[in-house]
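Annotation source TrEMBL lists transmembrane segment at A:6-26, A:31-50, A:56-77, A:89-111, A:138-156, A:184-204, A:224-246, A:253-273.
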Amino acid sequence: MSQVIVSGIITGSLYALAALGLVLIFKTSDVVNFAQGEMAMFCTFIAYTFMTFVGLPYYIAFPLTIICAGILGVIVYRLIIKPLSKSNVLSIMIATLGLIMILNGLAGNIFGFETKSFPKLINAKNINILGVSLEPNSLLIVLITFAIMLSLFFYFKTMEGIAIRAVAQDVDAAKLMGISVKRVTVTTWIISSMLAATAGMLIAPTTFLDINMMSEVHLKSFCAAVLGGFNTFVGPAVGGVLIGILENLVGKYISLAWKTVFAFILIIVMLVVRPNGLCGKSYRRKV
Amino acid sequence: MKKYMKQVIILAIFILLPLVFNFNRSFMTLLNMAGIYVVIAIGFNILLGYAGQISLGHAAFVGIGAYTTAILSTKCNLSFILIIPIVILISGILGFILGLPALRLQGNYLAIATLGFGVAFSHIFMEWESVTGGFSGIKGINPPNLFGYQFKTRLSMYYFILFFIVVSIIFAKNLIKTKTGRALMAIRDSEYAAMSLGIDVAKYKTIAFLISAIYAGVAGSLYAFLFRQVYPNTFDVGMSLNILAMIVIGGIASIEGSVVGALFITLIPEFLKNIKVQNASFILTGLLLILCVMYFPYGLVDIYRRFKVWLKKKAAVKDEGVKV
């Protein structure tokens, strides 16, 4: 039982990590970036290229990829999101769906369609804590997720972070306060792209690296964000861990085959009953 | 009669097309596939184009139609005349159910909910082995049989599908002109304005989901009859994205647009076959999606419309020039 819960927390923190970038963009610009998973996959391939073809060690390839991810975020914002900033929600959503196809197709052609294996952060023997066997790598993933969440939490206390939150609440009021909305939005795209890259590189060892590596996790990250609340930063963490645990419990005690169906039915019910999620506040809709 | 001349000519062209050109079997299959997508796209356009409600899980309805047909045909040996009404009933009920969350959700949230619906169903098709046959799918579906004539060849299926396309177009064209069609468009333009005009928003949203689900279900049934076997991984999120791409690229809120888009997206891989880049059609579709959203919000049909307006303007300028 406790083993199941612990492994649930580990997969859950992966979902949370993938969901954080999603929520960040949604909160600041009201855009659901459906291509978040593909961006993660693309960046992971960049890291892989750095390591195999350039021959860099992991600890150099990792930060280099994060920088590339930032550039990718700027490109996506400049070419797709900014020209569409005046159009409605549906148009931007459709554009990010188009981006899925482009990134997925390009990745296959540039990096190849075959499955590759991606190195783990650390390779060490499993450790035993209170009868629960733990892989140090997974433990590190959980720690990284929480570290990122904590640093985001403190980032939002800084001047820059407050500007982001102001834009999230009211674009016009933020403009009147002298905040450059454009700069804030670019920053959020850079951060969320970096988050995606981090998530991708941490997830790749468990799923193997190919062009569809993120499809499952990406969809689950939606579940996590919806369950926890799409307009909070704590939400995805709570939602991710909850989904991870529930899914593992269903898989263990009810049926392994039906655990994915269970997760999606859960979010549909959640959206109908409480669209703002467990941690979300409800906002009055503007007419 | 003169009013419908254009439509009759286009229909005649499509009837004669395979007879004149004598396409090979694989191209006929592709044309039939395109025809099936036309039916789905018309239904989806009623939902997205006219009612303004998005769905990223429409492949689920196609799958439900296909599996219902497969099961009724192989296990109960029913004729297609009975199967199609049952498919309409089942996909209608499920469309109604999916319509329920739509009553409370908008835009982004609705997209996620319908995406969840689509993914859940694609997993159900895979995992519910006792009914759907799991990964090995269902084989041996009987071809449609009308008064002893079996629609077995690709050519006969072409006309079988063409019949359904004509019915769907006539139904959709008429629906738009009714009170329901106007109510849907009012909801799309502003839900609150529609509400204040006394339009029952909940009712009409549900109707939009129901109708588009029925279109997709019937198309699924045609799919099962065409290939006479169904597999679960056909009806995945990729298919839902393709359906969306069809009407965005073809033309939102336009029946002609749905037809053009469906033909375009289905036939494009065939024309890009010789290009060295793999998945070229996939990349192109994505690129076109973004370009359409940015520059041609009303799709390919709109380019044609703009071109016509431009020609007229040019002609008008010419006339005036003569006068002066």
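The backbone N, Cα and C atoms fix where each Cβ goes, glycine too.
Automated prediction, rather than curation, is the source of TrEMBL annotations.
For the transmembrane segment (A:6-26), the neighbouring stretch richest in Cβ pairs under 8 Å, chosen from A:89-111, A:138-156, A:224-246, A:253-273, is A:224-246.
Long-range Cβ contacts of the transmembrane segment (A:31-50) within its own chain (Cβ-Cβ under 8 Å, at least 6 residues beyond either end) map to 18, 21-22, 25, 56, 60-62, 64-65, 68-69, 72-73, 76, 81, 89, 92-93, 96-97, 99-100, 103-104, 106-107, 110-111, 116, 118, 192-193, 196-197, 199-201, 203-204, 209, 211-215, 217-219, 221.
In this chain, the transmembrane segment (A:89-111) does not touch the transmembrane segment (A:138-156); fewer than three CB pairs sit within less than 8 A of each other, excluding pairs fewer than 6 residues apart. With a cut-off of 8 Å between Cβ atoms, the residues of this chain six or more beyond the transmembrane segment (A:253-273) that come close are 216, 219-220, 222-223, 226-227, 243, 246-247.
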